[in-house]
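One structure is given here, and the rest of the page talks about it.
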Amino acid sequence: MPDQLLFALEVTANGLMAGVMYSLVALGFVLIFKASGIFNYSQGVLALFAALTLVGIQEGQVPFAHLINAVTGLHVTEFGWKVPALLAILLTALVMVGLAIIIEKLVLKHLVNQEPIILFMATIGMAYFLEGFGDVMWGADIKTLDVGLPQGINETLESVTDKALGYGFFVDNLDIVATVVAVMLVTALTLFSQYSKQGRALRAVADDHQAALSVGISLRFIWVLVWSIAGFVALVAGIMWGSKSGVQFSLSLIALKALPVLMLGGFTSIPGAIVGGLIIGVGEKLFEFFAGPLIGGATENWFAYVLALVFLVFRPQGLFGEKIIERV
Amino acid sequence: MFYREAGDFKTSYRLDSQTFPIKFDRLRFYAVLAIAYGVIPFFVNDYWASAVLVPFLIYSIAAIGLNVLVGYAGQVSLGTGGFMAVGAYAVYKLMTAFPEVSVFIHVLLAGGITAVVGVLFGLPSLRIKGFYLAVATLAAQFFLVWLFNKVPWFYNYSASGQINAPDRTVFGVFVTGAQTSATAKYLFCLVMLTIVALIARNLTRGTIGRKWMAIRDMDIAAEIIGVNPLTTKISAFAVSSFFVGIAGALFFAVYLGAAEVGEAFGIQKSFLILFMVIIGGLGSIFGSFAGAAFLVLLPVLLKNVLVGTLGWPTDLAAHIELMIVGALIVIFLIAEPHGLAQLWRVAKEKLRLWPFPH
């Protein structure tokens, strides 16, 4: 096979993996949008917050150390113990559930029946708050996150492709793990929403708030549930992205990358989030590969948005979104 | 007693269709103008101009622009930062290409160029609605910033990739560049703001504004009663981008003096201005002013208190500031979803009944 084609294939494979990472963030969006009609901008910051908390717990950092030091003049930094990765993940998941309860109690409860744009703005406000809160709690420096996931080039794949095609593919182990985790997560979520009692209630709420209320489903419980699940998805996304590129502020910006994924797939479709993620991942990598050198590179910054924009002009509800029916 | 629609009789069409038909509003408008033009210029110093007044004036223009689009025409946009960048780069190219033309003309032309770009990115709004549109406008934001970063022609092939405002004068007084006095900056922005606000006020209460509002409230119904969605939506994008472009041009040429596109006109700016519009009140010119004032003053105040009074480290203060701004936005949305403009409406209601409330 010609080299160019092999390169393109490798780029496609890496694009698919990157797409899975986008899908992980987009999943959280879809869950919340389906259940409450809230367009949750803070999903990316939730991922950042989860990753920060995980590192903090793992390393035994004292929360609010910086603030305590500034107010009292002490110099506390660490408790001096290390928490095993699995326990730390469990504790972080608990923190995310707690956060979901607090968000429901303090914010969402008061904003029932507001217009979507107001709710959207409120989640941006929450994103600002959480970003500052995470930094105050755990410090703003870039942290490395290591929960024992394999990293680096996958040697098996490289040697196999080297033998078969005469060119070894470079695929990161972490991306493969992310793919497996994403598949498991989607399967689990689908099973949960199709077969469990809470899952059914969740779908009922998504379908019609008032009808769900009238058959005795607690809206508030469902919201806490959905935000907890979104928090958990954010934790998974935070672990993956944090292991890949370190825990830092730019992690919260992946939320913006997840938006075109959502638009392509449709705001209300879980499979859509996955397929959209893959299309965006492959599309932007291939575009950068073929057109990037001609027009100055760094096209990944905008390609996804423009692709989504052009796509939506032809299909306004996205790939798998519910058909938009309007009447006067 | 003070604020009354009744009893204020008009005897000519000109009086009946004036910008502020109610006497109290009119007096208030003249009073604000008198203070802004007659009092503040004598007291303005560098700190106040650069920290509070000039940003307030410029953000007010941008907020009015965005309010036309989001508040009046109902098309949510997250591309404001990108459109401001268009204004900034347009004014830079014009200022360096035609140094003999007045910078006043350049700023207006920059607004016009931004309007054309805005129309281009507004075209998809005919097919895409709601949040899908909001995300689609992100394409404008990221694509434009990338474009200004990557094409050297836009920054005149300067080595740093930055653009620097050259010295330009209006009536012999420097308004851009290093030699500009605080008063000149303030007055130049104030004149622009006055023009923009008057245009916006009159557009929104006329035919075109009513068409925008009809499209906002329900576009299909509006179409059925004869509002053309194409011209209405496109005109909203054009007018909004015109104002936002002027704001971007002023922000670069008068306020910053030197700008790097990703830093000065990033996505954060889009959100900041959207916040101003929401906190101030959707569909209200006064709200745009109030929102801009609130979000310009708040960080200055917090910084003074946290760093100046309490003596905390600046990075910690910056994080706490983020928390407080975020929390305030949420609290605000819960307490008054219609924004600061609603408070003013309530105050007017009180004034109407005073001193005999029932």
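Each residue, glycine too, has its Cβ placed from N, Cα and C.
The transmembrane segment feature in TrEMBL is assigned to A:12-33, A:45-65, A:85-108, A:117-140, A:176-196, A:217-241, A:261-282, A:294-314.
Between the transmembrane segment (A:217-241) and the transmembrane segment (A:261-282) there are fewer than 3 Cβ pairs closer than 8 Å, counting only residues 6 or more apart in sequence, so the two stretches are not in contact.
Most Cβ pairs under 8 Å with the transmembrane segment (A:12-33) belong to A:176-196, among the candidate stretches A:85-108, A:117-140, A:176-196.
Within its own chain, the transmembrane segment (A:294-314) has Cβ neighbours under 8 Å at 257, 259-261, 263-264, 279-280, 283-285, 287-288, counting only residues six or more beyond its boundaries.
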